[in-house]
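Quick look at what Swiss-Prot annotates:
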- H701: active site, proton donor (ACT_SITE)
- K18, N116, R521, C522, W567: 5-methyltetrahydropteroyltri-L-glutamate binding site (BINDING)
- I437, G438, S439, E490, D605: L-methionine binding site (BINDING)
- I437, G438, S439, D605: L-homocysteine binding site (BINDING)
- H647, C649, E671, C733: Zn(2+) 1 binding site (BINDING)
- H658, D662: Zn(2+) 2 binding site (BINDING)
Amino acid sequence: MASHVVGYPRMGPKRELKFALESFWDGKSSAEDLKKVAADLRSSIWKQMADAGIKYIPSNTFAYYDQVLDTTAMLGAVPARYGFNGGEIGFDLYFSMARGNASLPAMEMTKWFDTNYHYIVPELGPEVKFAYSSHKAVDEYKEAKALGVDTVPVLVGPVSYLLLSKAAKGVEKSFPLLSLLPKILPVYKEVIAELKAAGASTIQFDEPTLVMDLESHQLKAFTDAYADLESTLSGLNVLVETYFADLTPEAYKTLVSLNGVTAFGFDLVRGTKTLDLIKSGFPSGKYLFAGVVDGRNIWANDLAASLATLQSLESIVGKDKLVVSTSCSLLHTAVDLVNETKLDDEIKSWLAFAAQKVLEVNALAKALAGQKDEAFFSANAAALASRKSSPRVTNEAVQKAAAGLKGSDHRRATTVSARLDAQQKKLNLPVLPTTTIGSFPQTVELRRVRREYKAKKISEEEYVKAIKEEISKVVKLQEELDIDVLVHGEPERNDMVEYFGEQLSGFAFTVNGWVQSYGSRCVKPPIIYGDVSRPKAMTVFWSSLAQSMTSRPMKGMLTGPVTILNWSFVRNDQPRHETCYQIALAIEDEAEDLEKAGINVIQIDEAALREGLPLRKSGHGFYLQWAVHSFRITNVGIQDTTQIHTHMCYSNFNDIIHSIIDMDADVITIENSRSDEKLLSVFREGVKYGAGIGPGVYDIHSPRIPPTEELADRIRKMLAVLESNVLWVNPDCGLKTRKYNEVNPALSNMVYAAKPI
């Protein structure tokens, strides 16, 4: 019985690639040094899979930055601004496209489906000259072969590549990207021919866009593309892999009818309906790669349940045509549980990171072949039983409180305009009030203090003194700049989710559970393993301390429940919305305690609300309903005179504007500096959004200091769309990643720009 892994994390068990990349970018090491680290990582991954008995081992899933950018390099689809004149694409050009350079901006980056990974978006148009310009797929296949490992080269499929692209600057937005299919297929043919010549017997095409809402002409593009590739692919085993959701019946029919394709891969963890499609008909003689091991979470697989699913599929496709696989690439999970020395043993027994998932895939394949490892299966069953019955997972009081939420709307009793009137009487703010989003620069010294306190190298007294001084500095600075609503700067927080998770019960934290977000940047999501509750106040001490330093309003700063949920590894033994409601109740307790402590403005950030949107429209309604409801729960008991702010971090609101209004916040600040007036008109078109709105007036992601006149001009443009009594003036995001010598003049210019208007 055969086994397969869709893809594997690239960073290394201790983020070796991250450190090698950053050292190279900083000019501290050579290209050869970087290549050596990368080659060592690849060979250890291939060896690990070979040792685990995996039959179909992927190659070319490694990337120095991103697999879509690798495909752009393979196709020579370099945007004109980089002055590419052909030849093999090297590090300089590759990293310029990814990160920009001194004189040229980077290509755009956006989220990879609904994961927390980001890819570099190809910029295409009718003028692009496609040519085979990176031989990486073939080189890596040969590299593995030289190590004695026969791999399956993985390519981003041609249709998904185009569907994930955008029209380049200067090209009509409506340019039909799929019209470029005849231009890119010749390059794919060259790559396939080279792989064949190098000895490859199986090739994997990732076509994840098949799980999206597709129109008939888009589905036809898949049929056309693989019909065109058919003769080049003859003699090869060809796998088309899909993941992240189930397929519509039309997409399923298109996929299993593709010419020249011998195997189809499905995500059977998130794609629950796909199972029914397979059962209703699967082409005879073709292989089914069954993704039963979850590539997107960190929980141990329920091996007995997976085995039952696989056995039911075996009777449909035949014993020799079924391959056990992961639901998607393991890129989206942590690397290896072995490196978690501080994690509690009981919780650890419930988990499986990428290295453990490879073993699960192999164990399932062996069990199907009649060589079941009884000890492995019974250890798994024992871990699952312990997780089900552990008193650490269940909290009766939380269950009861969450159950009590059903059937109620949880909305503040009065309208937003009545509340704003009450708040204005209390806060007495000027027209065009100024504020910031929350965090201030985190200096090396500040990080050192936090690190030493965590490692118990300094006393609590020393820690509190240092943080207090930092808050005092930030408050004083804002008063000098004449900002109207202040923040305490969040010097005590390392991360907006981790800070709260560490103080809530039901959360666990890893030491090395890093997952790639983009390039060398990794995130370490908390693990929500049990019912969530708040043992004691989390932010009240620091916020009231900050308020005692000024007569101006001080914002309390909380992270919203949907963002905490979407940026964590979430328990899979109850629906996501139930976990979200539990977090909402904990944040509600905190908001009410802040209000009691005299904090009159409370910001509840929902930076990641949009990130949780299901991939297909059919799932949007239910998600938005419970996400918005969760936000409203957090402040339902707050008095009219207390102002609730929220902050959101993306520019595409058109399709969810009604849900944002339904959140019923008093003031909403948004990351708008890049998308400008488009977004503002959304708030006005047909929707009289009565609340305050603070579209970011400058982009904090850039070190550039915007001149006063430019900011004033931007504010005037905003006033052409929004009334002056609702407009707030603020940067577009927190200032944590900037330096004080950038922040001070930028905020000063912002306040000056708002005053005369």
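Yeah, the Cβs are placed from backbone N, Cα and C, and that goes for glycine too.
Under the DSSP three-state reduction, H658 (Zn(2+) 2 binding site) is assigned to helix. Considering only the recorded positions N116, C522, H701, C733, G438 (L-methionine binding site) has C733 as its nearest partner by CA-CA distance. Between H658 (Zn(2+) 2 binding site) and C649 (Zn(2+) 1 binding site), the C-alpha separation comes to 17 Å. For E490 (L-methionine binding site), the Cβ neighbour count at a 10 Å cut-off comes to 23, with all displayed protein chains included.
E490 (L-methionine binding site) is 21 Å away from C522 (5-methyltetrahydropteroyltri-L-glutamate binding site) when you measure Cα to Cα. The Cα of S439 (L-methionine binding site) lies closest to that of C733, out of the recorded positions R521, E671, H701, C733. Distance between Cα atoms for R521 (5-methyltetrahydropteroyltri-L-glutamate binding site) and the residue listed as 'active site, proton donor': 15 Å, as a whole number. All protein chains shown were included, and the count of other CB atoms within 10 Å of the CB of K18 (5-methyltetrahydropteroyltri-L-glutamate binding site) stands at 18. Note on proximity: of the recorded positions K18, N116, I437, H701, the one nearest D662 (Zn(2+) 2 binding site) is I437, by Cα distance. Note: the L-homocysteine site is recorded as I437, G438, S439, D605; in the same chain, T436, V487, E490, M496, M557, Q603, H647, C733, G734, K736 also have Cβ atoms within 8 Å of that site's Cβ centroid.
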